[in-house]
Amino acid sequence: MTKSGLLACAAAVLAVTMAVPAQAAPVWTLRWSPTPAGVGLGAFETLEDDRADSHTSFGPHIKVSGDSYRFDMHMVDRDTSTDRQRHEVTGNRTSSTSYLQWKLGQTWRVTYSMYIPSSLKATTSFTHIFQTKQPGSGTSPITVTSLRRVNGVQTIEHKVIAGDVLVGRTNLEPLHNKWIDIEYEIKIGDGTAGSVRWVVKSAGSTVVDATRTGVDTFLADRVRPKWGIYRSLGDTSGSLQDTYLLLRNMKAYQQTGTTTTPSPTPTPTSTPSPSSTPTPTPTPTPTQTGTTSWQPGTAYAVGATVTYNGVTYRCLQAHTAQTGWEPPTTPALWQRL
């Protein structure tokens, strides 16, 4: 065998033996997916709606509005601490007697769509629209999504409070007056055992996809999410005014394991033996894509493609489809192509 032939054989052997190892992908189990028109405010563990009775003539400041949850805030509203305002909901209620409990060592993901009107501006003091906290009074937030003015610019940011760790930040004004999609993932860990991922999408395009590891995401007992408007009256930019916030398509997933996805093994190219008469190579038969219409009750594997209302989607997590998990409303399960 010639030297070039030996090299070709060696390359073929290496291509087979040096295959990329299989990758472990997380398995996410849907734990909470409330329908506002169905369960109303029963979707949440607790409500913090005008706790100081500062504006009772308006009625509820947190309510169902169509397919969304609406949080109204007025300049006259006050919390029990009168230097601030608060209308928030907490937790993930699954029945009248039970709710999700996010515990140390667990990993959770929440996804939701959010509408921030231009009247809900970033401020020089705090304006929080999402928090994770230990239940109970007098405890600091663990993580916060805030509307903050930075050098005069309106921004939306996410931080881990311990160590004042900035996870991500982007300009707020381009996100005003439109529906944006949020994906938030938290590994609950003490000291440096925690991690956070924060994703913001607008019109299908990713605006922020930021991750921080080695952070503290636990105080004691358990972690509980909060949504709504919680803001200080100490703003010095003149940005406070009557406003509101809308949320919809709210879901919570728990990581319940991992699945091993083998990477494809490269197929070596063999060197054909010399032949007096060339042998034609047959044309390979194309593999069918298998794209079908999305149907509830169907088990979908990672990589499967479906159509829904004329749009094609690729499956990101293996699952059995259920009513309410349609591809446009479950970005953690389906990617639009």
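Even glycines carry a Cβ here, placed using N, Cα and C.
Going by TrEMBL, these are the annotated features:
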SIGNAL    1-24  signal peptide
REGION    256-296  region 'Disordered'
COMPBIAS  263-285  compositional bias 'Pro residues'
COMPBIAS  286-296  compositional bias 'Low complexity'
DOMAIN    291-337  domain 'Chitin-binding type-3'
DSSP helix/strand/coil residue counts for the domain 'Chitin-binding type-3' (291-337): 3 helix, 18 strand, 26 coil
Rounded mean pLDDT for the residues that make up the domain 'Chitin-binding type-3' (291-337): 81
